[in-house]
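Among the features that Swiss-Prot reports, disulfide bond is placed at Cys232-Cys234, Cys266-Cys269, with the record citing sequence analysis.
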Amino acid sequence: MSDFDFTQRFLFDDTDVRGELADLRGSYAEVLAKHPYPEPVAQLLGEMLAAAALLVGTLKFDGLLVLQARSPGPIPLLMVECSSEREVRGIARYHAEQVEPGAGLRELMPEGLLTLTIDPRRGQRYQGIVELRGESLADCLSGYFADSEQLPTRFWLNADGRRARGLLLQQLPADRLKDAEARTLNWEHLVTLADTLTAEELLGLDNETLLRRLYHQEAVRLFEPLPLRFRCSCSRERSANALSSLGQADAEQLLRERDGLVVVDCQFCNQRYEFDATDIAQLFAGGGSGAPSATRH
């Protein structure tokens with residue numbers, strides 16, 4: 001069992017189907033350590049972390065991928081970001097009194113919308129939206145790919161507060177199998193086998209054992225794992241830029257309202273950035289991010 005977070009790609013040698021497995025423990029623990037989430041919220045957030053990791057392993061881009069779910073229900077917001085450098089962070093907002101033990105996606109995020117955003121460093125920003133109408137986040141993501149007429153893609157996701165795991169299957173353009181009926185039958189066969197996967201197996205088995213148990217009659221080629229890690233992209237410079245964007249008059253007014261100390265908290269990691277009168281003055285005197293001030297988690 002690996003001691004780092006990773007995704008791992010695999011191929012079915014005789015078909016036009018690829019797969020990806022995601023395993024997050026350290027980064028999942030980092031996300032949960034920042035906020036005290038109830039178990040159902042932590043589970044959904046873990047599934048979204050695994051989904052983002054799978055998508056970054058599947059989609060080719062240089063920039064940032066954002067998965068965001070919004071709802072008027074007990075969980076108004078789930079949000080995960082994963083960069084092409086394979087750095088992940090996530091957050092949830094919830095109404096504690098409305099979160100029932102054992103509740104699933106339908107109960108926690110009724111009438112919800114799931115947004116997938118790819119924000120490349122160069123080129124056009126892409127955004128797709130799908131209703132959260134499935135029984136699970138995996139169902140919703142699979143439905144998104146079906147509705148958007150992309151390559152047939154299926155997801156299996158589970159998380160238990162300690163480990164977040166995901167499996168993805170994707171049908172590639174015709175190469176090895178040219179016959180349309182044969183391609184369809186092969187795809188349905190592989191998906192049907194994956195549908196037998198239990199949460200206990202996905203969360204408890206290593207990748208080699210899992211694939212052998214599912215596809216012992218198939219020729220599966222497993223590639224080297226690629227690491228993932230938790231990292232928040234917040235910084236003192238970004239916080240200073242946000243204050244600068246207010247304009248000098250508004251920033252100084254905010255400073256007076258806050259008794260001489262403006263505090264900017266990162267919603268993802270709880271890092272605190274403090275700006276006093278000297279810092280604010282330097283912001284508007286070309287001083288960049290201001291003089292050093294105390295920061296804390």
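Yeah, the Cβs are placed from backbone N, Cα and C, and that goes for glycine too.
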* Within 10 Å of the Cβ of Cys269 (disulfide bond), how many other Cβ atoms are there? -> 20
* Asked: If you draw a 10 Å sphere around the Cβ of Cys232 (disulfide bond), how many other Cβ atoms fall inside it, taking every protein chain shown into account?
  -> 19
* Three states by DSSP: which one describes Cys266 (disulfide bond)? -> coil
* Distance from Cys269 (disulfide bond) back to Cys232 (disulfide bond), taken between C-alpha atoms, in Å -> 7
* Structure fact -> A correct count of other C-beta atoms within 10 Å of the C-beta of Cys266 (disulfide bond) gives 19
* To do: Could you say whether, by DSSP, Cys232 (disulfide bond) belongs to a helix, a strand or a coil region?
  => coil
